[in-house]
Amino acid sequence: MELELLFQNVVNSSAFYNNQVAVAVSGGVDSIVLLHLMTNWAKKNKLSLPIALTVNHGLRPESQKEADFVVSYAKELGAKESFILNWEKQNIKGNIQLQARKARYKLLAEWCKNNNVKYLLVAHHKDDQAETFLLRLERGSGVDGLSSMDYKSFLNGIDIFRPLLNFSRSEIEKYAKLHRLKWIEDRSNHDLKYRRTLYRNLLKASDNQEILTERICLTALHMKRAAKALMHYTRLAFNDCVNVHDLGYIEIKLSEFYQLPEEIALRLLLYSIMAIASKHYKPRYSSLIAIFNRILQKDSNVNCTLSGCKIRKYGENILIIRESSRIQEITVNLPLNEPTQWDNRFSCTILGNQGCSVIIAPLKKTQKVPEFLKDYNCCPEVFYSLPTVQKDSKVLAYPDVNYNGKNTNDDKVQCIINSTIKQNLVSLISI
């Protein structure tokens with residue numbers, strides 16, 4: 001069949017040859033077809049069979065039953081193994097579908113990372129792309145939001161592939177019926193309270209759904225090209241305007257910032273905030289643009305917060321500093337055999353053989369800032385966003401910009417830090 005041949009051409013050119021692959025399976029027709037295609041491809045090429053992962057969001061009474069169906073049917077289709085990942089919901093407010101989507105990807109990526117599976121396949125297709133475009137158009141999205149989905153993306157160290165992107169829902173359903181596959185019809189797909197259902201029905205009601213869907217996807221592709229061009233010039237602006245400091249903050253030179261086209265300057269501010277906060281989701285546009293417009297008023301005072309960051313004017317620069325109250329302390333046991341990540345901004349190597357439990361936490365305003373830190377010519381708020389090694393509220397070691405721990409006289413503990421903010425930036429602006 002043509003779909004199967006085209007699918008094989010897609011995956012034959014992919015990087016996951018000879019590597020374990022996981023497939024996200026909701027139980028819907030698209031993900032069942034993806035699992036069937038991938039299993040057949042692996043068998044044909046004598047490769048490791050895919051692992052099926054399904055997320056139980058627990059949002060409907062039948063959720064557990066559907067998850068059990070996926071596990072059972074995945075085995076029947078020939079999956080190597082199958083697992084149910086449960087979403088532990090807490091205080092859900094606002095857009096529940098968006099929160100469920102974020103939770104789903106988080107659970108899938110974490111499972112893959114914890115089980116040394118580098119490649120995750122998801123079943124987005126051409127109709128998904130068109131519906132997403134219309135949804136975002138209604139919300140007033142910009143170039144990035146209206147851009148086509150990527151065949152390959154990256155999340156928390158995991159490569160995510162979408163091998164069905166060029167296939168329509170009708171082609172996928174035709175394949176499923178031909179092979180007599182079983183799947184679940186999600187009732188929410190027909191629930192008119194969801195905007196996606198509205199746009200799905202709108203496309204179906206058009207004179208020629210396939211042509212309209214194709215043209216919407218083509219427009220999304222044009223937007224993707226435009227987004228890549230904008231990102232290219234954003235990267236150049238970072239080289240000229242931004243200093244990523246070893247002390248874990250970002251400094252934007254205002255003299256250069258004011259010379260940039262507004263779209264590039266806005267992106268530079270956005271990705272600086274995301275890199276410090278280590279978030280893959282963008283902050284609310286209305287909040288971002290309010291801060292941006294304030295920065296553009298050259299005589300205005302800028303001192304505000306967004307996404308767990310402090311954005312403030314300091315001399316001739318704009319500083320993006322981590323908000324200390326949003327930093328979570330972590331507990332580690334000494335000695336540590338390898339570096340540990342702290343606040344997604346630092347890789348910390350803690351040296352010491354006391355065999356005790358310590359915490360890595362920022363300084364509190366009530367704790368003394370050592371003189372050697374004051375010698376650095378930076379905003380004092382930076383000091384309270386740095387990692388220190390503490391026990392019983394006593395500081396055992398301070399970090400040093402030169403990556404050598406400054407120790408107190410009575411404890412033999414070293415805190416060697418390496419900033420990971422540049423890596424955060426690279427992952428954000430390297431499309």
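Cβ atoms here come from the backbone N, Cα and C positions, even for glycine.
Now, the feature entries from Swiss-Prot:
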BINDING   SER26, GLY27, GLY28, VAL29, ASP30, SER31  ATP binding site
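Projection of Swiss-Prot feature records onto the structure.
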residue : record           : contacts (Cβ under 8 Å, 6+ apart)
SER26   : ATP binding site : THR54, VAL55, VAL70, ALA123, ILE184, ASP186
GLY27   : ATP binding site : THR54, GLU66, ALA67, PHE69, VAL70, TYR73, TRP183, ILE184, ASP186
GLY28   : ATP binding site : ALA123, TRP183, ILE184, GLU185, ASP186, ASN189
VAL29   : ATP binding site : ILE172, GLU173, ALA176, LEU181, TRP183
ASP30   : ATP binding site : ALA123, HIS124, HIS125, LEU164, ARG169, ILE172
SER31   : ATP binding site : VAL23, ALA24, VAL25, VAL122, ALA123
ATP site, defined by SER26, GLY27, GLY28, VAL29, ASP30, SER31: further same-chain residues with Cβ within 8 Å of the Cβ centre: VAL25, ILE32, VAL33, ALA123, TRP183, ILE184, ASP186
